[in-house]
Amino acid sequence: MTERLDASAAGIARAADLLRAGRLVAFGTETVYGLGADATDDAAVARIFAAKERPRFNPLISHFADAEAAFREGVPTDLARRLAERFWPGPLTLVLPRQPGGTVSDLAAAGLPSVAVRVPRGTVATQLLRAVGRPVAAPSANLSGKVSPSDAYHVLRGLQGRIDAVLDSGPCPVGVESTVLDLTGTSPVLLRPGGITVEALEEVCGPISHPDDYAHTLPTSPGQLASHYAPGLPVRLDAQDVAPDEALLAFGPEIPGAGLVWNLSPEGRLDEAAARLFAGLRFLDSEGARRGLSRIAAMPIPRVGLGRAIRDRLRRAASPRPI
Ligand code: TXA
Ligand code: MG
């Protein structure tokens with residue numbers, strides 16, 4: 001049975017107790033719902049992989065209530081401190097060398113000498129993390145290979161009965177996962193575009209390398225399966241036209257002629273589009289399949305700001321499925 005907890009003080013306290021007892025609790029962050037477990041407990045972390053049916057032990061992001069707690073697990077550079085000052089709490093994950101006295105389990109860190117740390121924004125998430133008082137590992141709360149959940153209902157659709165509880169804090173305002181930035185080398189490397197834009201990072205870091213085209217298909221970060229965000233219907237990118245047997249993922253004014261439409265943002269706003277992306281993929285996938293449509297056609301998304309993260313998730317959705 002999966003308990004549904006509301007975002008009251010009692011609900012948060014119950015969620016924290018479950019996490020401290022090694023159980024699995026999905027909770028909302030500003031990006032997507034995470035499937036949380038005590039990151040210091042190998043057995044709890046193993047339950048994440050089992051519940052998600054994830055075939056491999058990818059390194060997971062550890063979540064904290066504040067930067068001080070995060071830097072007890074990852075060694076901060078000067079740049080890490082400046083980024084934290086500017087963007088935390090918020091959708092930025094930093095990959096840092098592990099602290100010698102750190103408590104994150106080897107399974108959560110996948111045995112790497114580095115650890116991914118993040119301080120999410122959102123009063124419920126922050127209260128939960130503060131109450132747990134330990135690092136909380138949390139990949140997106142979906143079955144492996146499925147679209148990430150942006151509300152508690154999506155979580156239950158995939159994981160009902162497989163996890164101990166879901167703490168419902170409503171829909172996620174950002175809608176795409178955090179930006180992952182590797183600070184372990186001589187210069188910062190963008191491992192995953194996400195909720196903090198490259199342009200905003202560069203104001204603090206200077207230029208950073210960021211492969212961000214649909215042509216780029218090699219995983220750059222451990223555990224980045226190309227087809228991570230996969231709907232069931234095939235996805236066609238940068239569609240300039242659309243057929244009646246296609247479901248259109250529109251951005252801005254719609255191309256006419258589709259069998260079904262979800263408009264990410266009629267006004268062409270990237271923040272609105274990011275927040276509506278995963279819900280749109282789910283809708284077009286299930287409703288499109290029900291109507292016998294043959295694929296999803298996605299209109300072009302500009303390669304700027306949050307558009308990079310949206311393009312990255314669409315590229316993954318369109319990648320060939322692993323066998
Ligand atoms: O928005 C988010 O970040 C969501 C919400 C729930 O917080 N969480 C999330 O977590 O996406 P997860 O664990 O699925 O993200 C893992 C990403 C992968 O791209 C992984 O390869 C990278 O972080 N990562 C984790 N540890 C790493 C490490 N030590 N070195 C390089 N990449 C790492
Ligand atoms: Mg995910």
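Every residue gets a Cβ built from N, Cα and C, even glycine.
Taken straight from TrEMBL:
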BINDING   T31, A138, S178  L-threonine binding site
BINDING   R54, N58, H63, R118, S140, S148, R192, Y229  ATP binding site
DOMAIN    9-196  domain 'YrdC-like'
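Distribution of TrEMBL features across the structure.
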{"residue": "T31", "record": "L-threonine binding site", "Cβ contacts under 8 Å, 6 or more apart": "P91, P120, C172, V174, G175, V176, E177, S178, G194, G195"}
{"residue": "R54", "record": "ATP binding site", "Cβ contacts under 8 Å, 6 or more apart": "I48, P139, S144"}
{"residue": "H63", "record": "ATP binding site", "Cβ contacts under 8 Å, 6 or more apart": "T29, G34, G36, V117, R118, V119, P120, A125, L129, P135, V136, A137, A138"}
{"residue": "S140", "record": "ATP binding site", "Cβ contacts under 8 Å, 6 or more apart": "V32, Y33, G34, L35, S148, P149, E177"}
Average pLDDT across the domain 'YrdC-like' (9-196)?
96
Neighbourhood of ligand 1 - binding-site residues from R54, S148, R192 with Cβ under 6 Å:
R192
Near ligand 2, which of the binding-site residues N58, R118, S140, S148, S178 are found, taking a Cβ distance under 6 A to any of its atoms?
S140, S148
Let me check the 10 A CB neighbour count of A138 (L-threonine binding site). How many other CB atoms are there?
29
Counting across all protein chains shown, how many other Cβ atoms sit within 10 Å of the Cβ of S178 (L-threonine binding site)?
28
Position of peak Cβ density within 10 Å, selected from the binding-site residues N58, S148:
S148
Would you mind ranking the binding-site residues R118, R192 by how many other Cβ atoms sit within 10 Å of each Cβ and giving me the lowest?
R192
